[in-house]
Amino acid sequence: MNNVLAIALGAAIGANLRYGIGLWAAQRLGTAWPYGTFIINLLGCLLIGMLLTLAANRLTLSEPVRLMLVTGLLGGFTTFSTFGYESFTLFNAGNWLAAAGYVGGSVVGGLIAVVIGVGLGRWIGG
């Protein structure tokens, strides 16, 4: 499979997953705080930690498959550019506590999720 096509396919899947989770979060949790982006960023961090650890220790992924999963799917799924804009919007609206919780929770939670993902990758991969 062509690398560009692999990335495009993964990105289409990742972007649609992001869209669906964003809609779900808005409907279930509301829009006063960016729950969807928060969930997506943490899940993306967990998945990249797990996937890259498995790929390094257990799985043999071809270049197109690795590009499809990491660059395409996870790149289309995670949303740190949106994170920056939503953080700015909260700060700009004077919602300092919500903004600080969002920024701090995303960064610290993302790092913790990567650590857990690496641990899961090691555990699954033996």
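Backbone N, Cα and C define each Cβ position, glycine as well.
Residues 18, 21-26, 29, 61, 66, 69-70, 74, 77-80, 82-83, 86, 102, 105-106, 109-111, 113-118, 120-122, 124-125 of the same chain sit 6 or more residues outside the transmembrane segment (36-55) yet have a Cβ under 8 Å from a Cβ within it. What TrEMBL records for 36-55 (among others) is transmembrane segment.
Away from its own ends, the transmembrane segment (67-85) comes close to residues 1, 3, 6-15, 17-18, 34, 37, 40-41, 43-45, 47-48, 51-52, 61, 106 of its chain (Cβ-Cβ under 8 Å, at least six residues beyond either end). According to TrEMBL, the feature transmembrane segment maps to 67-85 (among others).
Residues or ranges marked as Na(+) binding site by TrEMBL: Gly75, Thr78. Non-local contacts of Thr78 (Na(+) binding site) by the CB criterion (under 8 A, 6+ apart in sequence, same chain) comprise Gly14, Arg18, Ile40, Asn41, Gly44, Cys45, Ile48.
Under the heading transmembrane segment, TrEMBL lists 97-120 (among others).
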Chain residues in Cβ proximity to the transmembrane segment (97-120) (below 8 Å; excluding those fewer than six residues from its ends, i.e. six or more beyond): 32-34, 38, 41-43, 45-51, 53, 83, 86-87, 90-91
Neighbour count (Cβ, 10 Å) for Gly75 (Na(+) binding site): 17
